[in-house]
Structures are given as structure tokens and as C-alpha cells.
Ligand SMILES: Nc1ncnc2c1ncn2[C@@H]1O[C@H](COP(=O)(O)OP(=O)(O)OP(=O)(O)O)[C@@H](O)[C@H]1O
Ligand SMILES: C=C(C)CCOP(=O)(O)O
């Protein structure tokens, strides 16, 4: 089973509000189509999660909503969730054009945080969809948060939680960079401890309320299974079983 995140930074123009990177999304959809077409036994199970990029982070930032700072305004929730829903329809549309049986799972309707901020993400529907041959497509979203109103859940958090609950064999984060970069902009092949890369790990260059690369690495290190962070050129190799970019273990 594979859990794959399509980073918002790769499928959107992250610096321009609500702007899709249509070419990048087409390339990602092509790679996914190829991988599933090569799966002759049709037994590969794939869950896709996408991030926000310029759909969601800008809205969240305007309303002052982060993973810990919440809102009690329905208008803010609708605005952030609406932007993510728009991007989700673009992603689904590109997958449907390739005859992939992709269906949305919206975290706002299923997930929540307790008053410690811990995520509760029900997965029965994801498991059932997978068992029936669908490709569930989740996305970073705004969700109920006990005592805080509603806060952001990042696609990265969803990936980590899904991977743990579903026992994923492979976890891939496709982003706008070819991997985690060192001080000379070279890809770091392997990270086994946060300290290995702490000096070079930063936030996102663009508007991002969920923590950029540092948060990604920290979250992936908590997983038992190994995970890969790679760019668009790494997506097809990753889906074919290779380890492009940076491996986090
Ligand atoms: N050492 C590093 N190596 C690579 N990227 C880094 C590093 N430090 C900070 N970054 C930033 O992290 C960004 C990737 O994180 P970001 O959260 O924007 O990606 P994403 O998950 O693809 O997008 P989104 O969060 O919108 O879904 C890069 O574009 C870069 O700006
Ligand atoms: C609603 C938002 C901002 C989604 C955030 O998801 P991410 O891009 O994976 O961090």
C-alpha cells in the first residue's frame, strides 16, 4: 500500500493566490496513471493526499488560522475549506481524465482534534474505498478542534496518520524540491535523525501555515516505515519502487 502526497507547492503556483500549476498536475497524473497501468495484478492500493499550495494557505493566513490558532467563524471555515475543495476538484478531474477511479475524502467532515491538538482521523471509509478498488483522495483542510474552534490539518499530518493506521509499505512526498537540500543545495540522500539536517531545514519560501520542510521531516521521522521526499521527476521512479530524493527512516 502506498500513501502519496502531492505537495501544494508542486501542483499550484504557490506565490499566486488560487493558481493551479496545470502542467505539473498533468505530469503527476500521468505518472500515477502509468504506475497503476503497470500494476498487472491490479492489487496495488494507493491513497493520495494533496496539500494546499496557493489554495488554502493564503485563505488560512488571511483568517489567522494555523494548526494551533483556531477560528469560530463559519465564514473562515467555508473560505479555507472551499479553496481546498476547488483544488481537490482539479486533482480529481485530472485523474478522471485518465480513467482512474479517484474519489474525494474531505477531512472537515470526518476528522477532528482533541483539546491537546491530537488528531483523530477515522479511516474505515478509506479502507473500504481501497478494498473496493477506488483511489481515495484526501487533502489538507480545516477541521474541528476542541476548545479552539477549527484549525488546519496539513496534508503531511494526514499522510503520517494514514500511513500508521493503514500500515503503508511506502510513503512518498512529492514536493517542489528534488529532496531535502543541504547547505550547498545538494540533495541529502538519507536522514535518520532530525539533528542530521536541523541546520538546513526551514519553513516554506511561500505563504505556508503548516511549517514547510522542517515539519515534514520531523513528522516522517516518527514513522516506522521509511518515507521519501522527492520532486516531480522522482514521482514515476518512486511509484515504480525506487527511492528517489531523500529517504527518511
Ligand atoms: N533544506 C531544505 N530543503 C528543501 N526545501 C526546503 C528546505 N528548507 C526549507 N525548504 C522549503 O520547503 C519547501 C517545501 O515545503 P512545502 O510545505 O512548501 O511543500 P509542499 O508540501 O510541497 O507544499 P504544501 O505545504 O503547500 O502542500 C520548499 O519549497 C522550500 O521552500
Ligand atoms: C488548508 C490548508 C492550509 C491545507 C494545508 O495542507 P498542506 O499544504 O499539506 O500543509
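Note that Cβ sites are derived from N, Cα and C of the backbone, with glycine treated the same way.
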Pick from 53, 56, 167, 172: which one does TrEMBL list with 5, 6, 7, 8, 9, 212, 216 for the same ATP site? 53
Please state which member of 155, 179, 183 TrEMBL lists alongside 52, 57 for binding substrate. 155
Helix, strand or coil for residue 5 (ATP binding site)? Use DSSP. strand
Near substrate: residues not in 52, 57, 155 with Cβ within 8 Å of the site Cβ centroid are 8, 51, 53, 55, 56, 60, 84, 139, 140, 152, 154, 208, 209, 210
Sequence-ordered binding-site residues from 8, 52, 57, 155, 212 with Cβ under 6 Å of an atom of ligand 2: 8, 52, 57, 155
Near ligand 1, which of the binding-site residues show up if the criterion is a Cβ under 6 Å from one of its atoms? Options: 6, 7, 52. 7, 52
Which one is closest to residue 52 (substrate binding site) in space, judged by CA to CA distance, out of the recorded positions 5, 7, 8, 9, 14? 8
